[in-house]
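Q: Following this message is one structure expressed as structure tokens.
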Amino acid sequence: MSSVCALLLSCALFLVAHGSLQERRLYEDLMRNYNNLERPVANHSEPVTVHLKVALQQIIDVDEKNQVVYVNAWLDYTWKDYNLVWDQAEYGNITDVRFPAGKIWKPDVLLYNSVDTNFDSTYQTNMIVYSSGLVHWVPPGIFKISCKIDIQWFPFDEQKCFFKFGSWTYDGYKLDLQPATGGFDISEYLPNGEWALPLTTVERNEKFYDCCPEPYPDVHFYLHMRRRTLYYGFNLIMPCILTTLMTLLGFTLPPDAGEKITLQITVLLSICFFLSIVSEMSPPTSEAVPLLGIFFTCCMIVVTASTVFTVYVLNLHYRTPETHDMGPWTRNLLLYWIPWILRMKRPGHNLTYASLPSLFASKPNRHSESLIRNIKDNEHSLSRANSFDADCRLNQYIMTQSVSNGLTSMGSIPSTMISSTNGALTDVSQQATLLILHRIYHELKIVTKRMIEGDKEEQASNNWKFAAMVVDRLCLYVFTIFIIASTIGIFWSAPYLVA
């Protein structure tokens, strides 16, 4: 039994040694008189046809700011080398052999739009040569390609980037570069979390230069990338919309709360922060403004305008009759027309269309108020005159009373004279009593007048406060409509919303 095993092992070792000898002989025969600088064609006037295919593995990153795309891909080259053909039967049925890159001829095809520091970033793998002379070379690499990023619809944008491959020294009459069947292979593609890849295309071009009549072919492998919007929707757009809607709360706060302007300024700073994030993500170009930037700018304009109107509302709220007089146009617009349009109700006032004054009418009852003011001024002058007469008569009464007392104390004065004097004093006393009552009436009238004037001042202040409420309510409606309309209008213009 042991002798049989030894015999089988010896046969196996002989076959292996014989096979390795066949492969060595094949390498020696193929490399004999071979020059890797020679184009593998039987006739030098014929071009070498090279087929190229790109097997995309992964989109690593898209740097919008620097306009660079990082891609992991395999390049698949095939061509025929007539110097590397052999008969399988003569070499132990060997079907293929491997050569290191540079050992045999290979096309000088490069990625034209590479921005890598080494320019050619492929790994130089072995080349597989088949007995028919077909050479198959698959060098993998991490490619950094320049791509013009169109940020007009960011983050609802689609980018079209491409690989441009072409020979660096051979023209089209010496090297014919053709896309292989299934030129862009994405069967092993690992999906990217930020970019979807709905379409890939291949295109061959021939370019003629002024210096040379020969064509220079190149092959473009296009990547049609569509940005996924979920991240931007939840991390930028929704917070910005909610922050902008907070400006509407500022129009519902009463001015006496003290936090009205603080809220608006805080929201404005928040929008500025979001806008700075978008500017950092976008490339520094002046060709277009990104859609998201337009949205944030619109939000910032809304918040800025709301801050300005909040200041105006506070200014109206704290106005007094001593500092401001409400004009007829302002009165009719803010106290009648706009409240009626907005269906605002004010206690003690019933607004109907029939009771609305003309928008450009003068101040109501202005002439009657002037007439009343003149009458009151005359009455005040008359009261001053009556007060002067009352003072004279009162003084006369006091002097007469003093004289009467003096005469009574003097016994030499006749009684008839004293009687007549007492009668006169009685009349003067009655008149003095009436004058004192008139003085009291006059003082009460002054107090009443001051109370009426105070009520008028309070009513004027309330008018200013109500006007501030009207402006607040008007801004609430206008800004709500504008925010909704602008948001729908901006995002409705995007080529897509969900990818």
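Each residue, glycine too, has its Cβ placed from N, Cα and C.
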Q: So which of ASN93, ASN350 shows up as N-linked glycosylation site in Swiss-Prot?
A: ASN93
Q: Going by the topological domains in Swiss-Prot, would GLY454 and LEU497 end up on one side of the membrane?
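A: Judging by the topology that Swiss-Prot records, the two residues are on different membrane sides.
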Q: Identify which of CYS147, CYS211 is listed by Swiss-Prot as the disulfide partner of CYS161.
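A: Disulfide pairing in Swiss-Prot: CYS161 with CYS147.
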Q: Using only C-alpha positions, which one of ASN43, ASN93, CYS147, CYS161 is spatially nearest CYS212 (disulfide bond)? These are the recorded positions in the record.
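A: The smallest Cα gap between CYS212 (disulfide bond) and any of the recorded positions is with ASN43.
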Q: Counting CB pairs under 8 Å, which listed stretch among 261-281, 289-309, 474-494 touches the transmembrane segment (233-253) the most?
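A: Highest pair count goes to 261-281.
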Q: Tell me the Cβ contacts of CYS161 (disulfide bond) under 8 Å, same chain only and six or more apart in sequence, or just say none.
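A: Those within reach of CYS161 (disulfide bond), by Cβ under 8 Å and sequence separation of 6 or more, are VAL69, ILE145, CYS147, TYR222, LEU223, MET225.
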Q: Just the number: how many Å between the Cα atoms of ASN93 (N-linked glycosylation site) and ASN43 (N-linked glycosylation site)?
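A: The Cα atom of ASN93 (N-linked glycosylation site) is 29 Å away from the Cα atom of ASN43 (N-linked glycosylation site).
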Q: Whole-number Å distance between the CA of ASN43 (N-linked glycosylation site) and the CA of CYS211 (disulfide bond)?
A: 26
Q: Who sits close to CYS211 (disulfide bond): which same-chain residues at least 6 apart have their Cβ under 8 Å from its Cβ?
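A: Listed in sequence order, there are none.
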Q: Which entry in the list of glycosylation sites, ASN43, ASN93, has its Cβ near the fewest other Cβ atoms, using 10 Å as the limit?
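A: Per-residue Cβ counts within 10 Å for the glycosylation sites ASN43, ASN93 bottom out at ASN43.
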